[in-house]
Each structure stands twice: as structure tokens, then as C-alpha cells.
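Please read the structure below before turning to the comments.
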Amino acid sequence: MSTIVDVFAREVLDSRGNPTVEVEVFLEDGTMGRAIVPSGASTGAHEAVELRDGDSKRYLGKGVLQAVDNVNMIIAPEVIGMDATAQIDIDQLMIDLDNTPNKAKLGANAIMGVSLATARAAATHLAIPLYQYIGGVNAREIPVPMMNILNGGKHADNNVDIQEFMIVPSGAPNFAEGLRMGVEVYHSLKKVLNNKGLGSGVGDEGGFAPNLPSNEAALDLILEAIAAAGYQAGSDINLALDVAATELFKDGKYHLASSGQVLSSSEMVDFYAQMLEKYPLISLEDGLAEDDWDGWKQLTERLGSKIQLVGDDLFVTNSQRLARGIEEGVCNSILIKVNQIGTLSETLNTIEMARRAGYTCVISHRSGETEDSTIADIAVATNAGQIKTGAPARSDRVAKYNQLLRIEEELDVFAVYRGIKAFKR
């Protein structure tokens, strides 16, 4: 009864108004699972390939009809007849069908859609929540949200270098209270910005994107908003950054537009060390460029015992790149984005490898998101303890927060929210 009888893909829109792939998987008993694939703005060079049509006459070249056709014409005939609960077999079949190291033939957006829709169909068939289907009976940790409330870099049209300034309600007793704290600081920040005559327009992920003179000015505004909301920075709420430093890296140097500085890798490490002394930072993501391995090693040796160092573009959810990082002693945490690698099975394998090496895992959205809330379930399924899914605004971000509220309510007394302990430093 859990046999796949049909697979259908279509072109839909993401939160930026760009086309993306939606896949529906139908089972013999009438069950259907649906998944919509997100996309990134600052994408790592080593990510699996997101297939775009390149036809300038449709969606400015960003159409995904080729990926849709790859699902309907190539993948569907092969997976029809398979058992939806055989996730590993289905994912491996698609990897073999593609037969490229980065899923360039069929597209990670095609493969991921089928992979996640299959998992959702199987969970629905078994009449259990998706997080329980993926993670089993021990899936009960609700992640601490890292909420992007102020945007710079590629996520905003302003002069701030750092891409994401996040608040982390690490002092909350549970997820629902942590979310409330984050929402109150978010609205407090809007009021602070308006009072100072600064813009309160939002970036791709719902965070505000005012024109500010420096990265430090952004952090100072957030500290002011935390205090105005009645919370204590450093205990109730901590800060986290996603620098997306690959976007700043040119000709072997880091170019900070806001200050006009051009810094070496070691000077960037000094920059972060000084920032850590001044602000209650507990997580730093993509502090150096995706191929600056020597710089990353310096950063980890100097600050790895003081702060969570997250590799996103560096690792791209890829177990081979993570293995190199573990071997070289680089980072102590990995960002997990399913569409960077393309299948649920490979994602879970990477998480397991990270865990064995003592790395923390942060489950993440993309800047181009949808109403799909699967990553909320994945975060709980894997007991990751941390999630990045934007500001508490815009329905594409709030969909994940609302799903986590439902899961926490469903788990009731069995739900675990570790707060600051999820960061291990």
C-alpha cells in the first residue's frame, strides 16, 4: 500500500518571486506527499547544482521547466513501483540516474523535491509526524532559533558587509517562550530604527535592512532593541552572525565596503576576536571564504574554544568536504541545507558524520524560501538543537516557526529545549 504510483512536478514561485520546483508523490492507498524546493542568494561554489533553464524570455532566465521535466520524464518512471518507505534506495537511485558529482544532469532541485516529497508521503501513509518518521521515537529536541533580524550583504540593498545579524533566545525555558522573546525584540528593533529615522524595510529573510555606517552600528542597534524589549543581552538573548565572507573575498583579501578596509585572513581573525570581546556573540558562520582553508584553521585555533564556528559555504552539507574539515581541525559546527547536497539520505549522513566528530549542527532555510516547513521537522528529527529560518515575519519564515510550535505542543512534556547548552562552547 506504500507503493509509489505517480510522481508529478510543476513550476511554482518562491518568496523572491523566482520559479522553483514543487513535487507531489502519490501512493497506492491515495496518500500524497508534497515538497517545494528553496533556493539561495549567496550560494557556495561547491553546492549541488540548481538547474535553471537560462531562457531569457521566461522569468529572466530563471525558469525551472528543465528540472520539472527531469522529474516527470526521467525520475518518475524509475521510482514508480518502489516502496516510499525505502528512502535510501530511492535517493540512491536518483543519484545513480544523475551520475554526476554535483547533480548537474538532473538538478539538485529536481532530486531534492522527489526525495522530500517521498519522505512526507511515507510519513502520511504510516500516520505519524514527519519528524518521527525521519528520527524515530527519540526525536524530541526543539531547536533554539537563530533569528535573522537585521540584514546586510547579498540579502539586502544597503552598505552593511555582514549578511545576517541574528538574535538567539538561548535563555528561554522552551521554544514557544524563545519565539515570543525573539518577536518582541524584532518589533522593538523596528521601533528603534523608526525613532532614529532609519529605514525599516526588510530583506529576503524578513530582517530589517537599514543603511548603517558600520557592522558595529548594526550590533549596537540590536543591543539597544534587546534592552528596550526588557531583556538582558548575554543571558536572555545572545547574538550570532553569518558573514558570508566568500562574497567579500577578492584577490586573496577581504574587502569591507562599509569601512573601506582590505584585510588578510589573519586580520579578519583579529577583527572577529575584537568583536567577540565587545559583543555577546555565541555563533559565527562563514567568517572566512569557502576555500580559505588556512584562514579557517587560524580562526578555529584562535576562537574555536570561545564561539561556535559554523561552516556553510565551506562544507555545503557535503560529507567529503566535512571530512576534510574534521581532519584539518576546521570549524566546530556545520550548517545543514538539504538543497546543497540534494537528498534527505545524504543530509542525514552528513549530520551523523558531524555528530561523531563532535560538531554541532544548524538546520537552515535558504533566502529564497516557500511555505514548505520540512526543515522544522528535520531539525526535531535529528535533535539538531539549532535552526536558522529567518526573522519572525513573512509567511515563508513563520511557516517553520509555527510548525515548531505545533511539534512542541504535540511532544508536550517530552519536548526538550536546551537553550545555551545546544551551543556547547
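Just so you know, glycine gets a Cβ as well, placed from its N, Cα and C.
Quick look at what Swiss-Prot annotates:
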type     : residues                               : note
BINDING  : GLN163, LYS337, ARG366, SER367, LYS388 : (2R)-2-phosphoglycerate binding site
ACT_SITE : GLU205                                 : active site, proton donor
BINDING  : ASP242, GLU285, ASP312                 : Mg(2+) binding site
ACT_SITE : LYS337                                 : active site, proton acceptor
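The binding-site residues examined here are GLN163, SER367; by Cβ neighbour count within 10 Å, the least packed of them is SER367.
Taking the C-alpha atom of GLU205 (active site, proton donor) as reference, the shortest distance to any of the binding-site residues GLN163, ASP242, GLU285, SER367 belongs to SER367.
Straight-line distance linking the Cα atoms of GLN163 ((2R)-2-phosphoglycerate binding site) and ASP242 (Mg(2+) binding site), rounded to a whole number, equals 6 Å.
The Cβ of LYS337 ((2R)-2-phosphoglycerate binding site) has 26 neighbouring Cβ atoms from other residues within 10 Å, across all protein chains displayed. Those residues of the chain, other than ASP242, GLU285, ASP312, with a C-beta within 8 angstroms of the mean position of the Mg(2+) site C-beta atoms are GLN163, GLU164, LEU241, VAL243, ALA244, LEU284, ASP286, VAL310, GLY311, ASP313, LEU335, SER364, LYS388. Cα spacing between ARG366 ((2R)-2-phosphoglycerate binding site) and GLU285 (Mg(2+) binding site): 14 Å, rounded to the nearest whole number. A straight line from the CA of ASP242 (Mg(2+) binding site) to the CA of LYS337 ((2R)-2-phosphoglycerate binding site) spans 14 Å. Every protein chain shown contributes to the tally, and the Cβ of LYS388 ((2R)-2-phosphoglycerate binding site) ends up with 30 other Cβ atoms within 10 Å.
Using a 10 Å Cβ-Cβ cutoff, ASP242 (Mg(2+) binding site) registers 29 neighbours. Of all Cβ atoms in the shown protein chains, 29 besides its own fall within 10 Å of the Cβ of ARG366 ((2R)-2-phosphoglycerate binding site). Cα spacing between LYS388 ((2R)-2-phosphoglycerate binding site) and ASP312 (Mg(2+) binding site): 12 Å, rounded to the nearest whole number.
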